[in-house]
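All remarks here apply to the structure that follows.
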Amino acid sequence: MPLVSVILGVVLLLILMMLFNFSAFTSLIISSLTVGMLEGMTPLEATKAVEKGLGNSAGSLMLVIIFGAAVGKLLTDTGGAQRIAETMVNKFGEKHVQLASVITSIIVGIAMFFETGIVVLIPLVFSIAVVAGVPVLYVGLPVIAALITMHGFVPPHPGATAVAEIFKANIGMTLALGILVAIPSIFLAGVVYTRLLRRFAPKGFLNIRIPKKLYTQKLFREEELPSFTRSIVIAIMPICFILLKTIIDIITPDSKIRIITDFLGSAGPALFITFLIASIVLGITKGKKVKDIGNILQESTANIAMILLIIAGGGAFKEVLIESHIDKYVSGLMANMPLSPLLLTWVIALVLRISLGSATVASMTAASIAAPLVHVAHISPELMTLAAGAGSIGLSHVNDAGFWIVKEYFNMSMKKTFSTWTVLTTIIAVVGLLGVLVLDIFL
């Protein structure tokens, strides 16, 4: 029975990762082969399907992952991210540090992975908290809420882009709808929840002390920083390229200019061109040598190698489901069920997130299982992408690297990390789902 094969494959995935501490990539490959053979494939056929899935998934996303990480590291190593953060705080003033922090995190989060964004912004969070005289979590929680929300909802982040590819969603439309869903999620989880904590649990807020080693981290001097204009243009450039393509597609669908905008508006080329421009604007013109730029690219690529493998492994799992025709069985099984495909996708992603910890694995596996429902239920692939992204964020706990990053950087106990970070991610997941369901009424 195909559904039993899928369930056994997912259970095996959980066992390998949780009990035997296998890597996500290895676990996905073993589970993919197992599901294929359970469905009647020969070992060679299952292997061929895995190889095809690895190539298709990694091939389409390699530019996004590599050059997205490179742009983020360029912003970090040249002081561009620091300039953006400091300028936003100065403009909004100390009384509105939360709003400044959120906007800064959204801008920085466009071009960076969650982990990178935390590393870049945490010294500034500590400095802002000290200068403004507010608890560090009052600034820190809105920052991490914005970073994780952008990471899960908005292309060209690799996870969101990979899920969009599985659902055949339009990247530009996914980006636009993702921002619409992200704004209330960030506001409620990052701002409202933080203020409630400060009001009803002030002792917990005041007891958090800034780690001395982190707070003494060296920042760029004023004369070393690039201008705000240069920094902000680089940070939002890939988004502008993608939005330009979407606008041109709507306004002049038959125009020859689409040859250019279709290229610029694809996530991979958009980030590649942004990296080239950033290398000149933030690097060469500020005294860096071409060799320095090469080192930045090499280091950033090494840092995200495992992410690329995980995404490729998710693609292998998806391909096995397709070639063993499980997708057709699932679509037939779910076609007449009263449960909303959006809700189903969200639940699958959330359960996998709780079990595995990896938001990327959770969203991609959920998308692979739910992909056939797009055509059967005539549901928006963009909303399905966001539903998977929302579910993959919720209930972060000890099996998630982000849980430990937040705990250590903010010097919190396990209990406080659960009551802040875990609750915060769950609020984002629930609000994200509600936003998707509301948008579904109008699309």
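Just so you know, the numbers here start at 1 and follow the chain as drawn.
From the backbone N, Cα and C atoms, a Cβ is placed for every residue, glycine too.
Curation does not apply to TrEMBL; its annotations are automatic.
Going by TrEMBL, these are the annotated features:
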{"type": "TRANSMEM", "residues": "56-76", "note": "transmembrane segment"}
{"type": "TRANSMEM", "residues": "97-114", "note": "transmembrane segment"}
{"type": "TRANSMEM", "residues": "120-148", "note": "transmembrane segment"}
{"type": "TRANSMEM", "residues": "169-193", "note": "transmembrane segment"}
{"type": "TRANSMEM", "residues": "228-251", "note": "transmembrane segment"}
{"type": "TRANSMEM", "residues": "263-284", "note": "transmembrane segment"}
{"type": "TRANSMEM", "residues": "304-322", "note": "transmembrane segment"}
{"type": "TRANSMEM", "residues": "343-371", "note": "transmembrane segment"}
{"type": "TRANSMEM", "residues": "418-442", "note": "transmembrane segment"}
_Most Cβ pairs under 8 Å with the transmembrane segment (304-322), selected from 169-193, 263-284, 343-371_ = 343-371
*What parts of the chain pack near the transmembrane segment (228-251), using Cβ distances under 8 Å and only residues at least 6 beyond its ends?*
68, 71, 74-75, 79-81, 83-84, 87, 107-108, 110-111, 155-156, 170-173, 175-176, 257-258, 261-262, 264-267, 269-271, 273-274, 277-278, 281-282
*Do the transmembrane segment (56-76) and the transmembrane segment (418-442) share at least 3 Cβ pairs closer than 8 Å, excluding pairs fewer than 6 residues apart in sequence?*
no
_Sequence-remote partners of the transmembrane segment (169-193) [C-beta within less than 8 Å, at least six residues beyond its ends]_ = 98-99, 102, 106, 141-146, 149-150, 153-156, 160-161, 163, 239, 242-243, 245-246, 249, 265-267, 380-386, 389-390, 423-425, 427-428, 431-432, 435-436, 439
*Restricting to the same chain and to residues at least six past its boundaries, which positions have a Cβ under 8 Å from a Cβ of the transmembrane segment (263-284)?*
60-64, 67-68, 70-71, 74-75, 78, 80, 111, 155-156, 161, 171-172, 226, 230-231, 233-234, 237-238, 241-246, 248, 290, 292-293, 296-297
